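Notes follow the structure.
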């Protein structure tokens, strides 16, 4: 959720703590796990069992986190694929307010007043109303229907990732 929270809260507020934690926490732990795995010639599931059997749950937690991160980032890449497919139109759909998903509050970026709270840009409405279709949801109790075009884009990304990793690094080199 980090990119989404950055977008919602202005972006720069999270950059300093994120960089500090990356430099002093994330990278040293990542390097330690790579060094230990290479030294013991084992992966993330078995390395912690070799070091201390009581810590074998860390390896399973790493795999579970990787699954969640893979789903999250593949969804974002699916959105990018949706944008790529939408960009093949003669006029980009997120540049004008003359589309079926636009509201009456839609204003081109050049017409939006600095202190206006009711107007929104066509790009924002394209993402929120056409790509995500947020207006069809009333919260977590009813999230709305699955959008077939977006589901197909995410599925295509998962297939692409699968075939990229299918035979491992040696086959791609």
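Glycine residues also receive a Cβ, built from the backbone N, Cα and C atoms like all the rest.
Remember, TrEMBL labels are computer predictions, not curated facts.
Residues annotated as disulfide bond in TrEMBL: 97-106.
If you look up TrEMBL, you'll see 12-36 (among others) marked as transmembrane segment.
According to TrEMBL, the transmembrane segment annotation covers 57-85 (among others).
Residues or ranges marked as transmembrane segment in TrEMBL: 146-165 (among others). Packing against the transmembrane segment (146-165) from elsewhere in the chain are residues 70, 74-75, 77-79, 81-82, 85, 131, 133, 172: each is 6 or more residues past its ends and has a CB under 8 Å from a CB in it.
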- Per the Cβ filter (under 8 Å) with a sequence gap of at least 6 from its ends, the transmembrane segment (57-85) is approached by 1, 3, 43-49, 131, 149-150, 153-154, 156-158, 161
- Find, among the disulfide-bonded residues listed as 97, 106, the one whose Cβ has the highest number of other Cβ atoms within 10 Å in the structure shown. 106
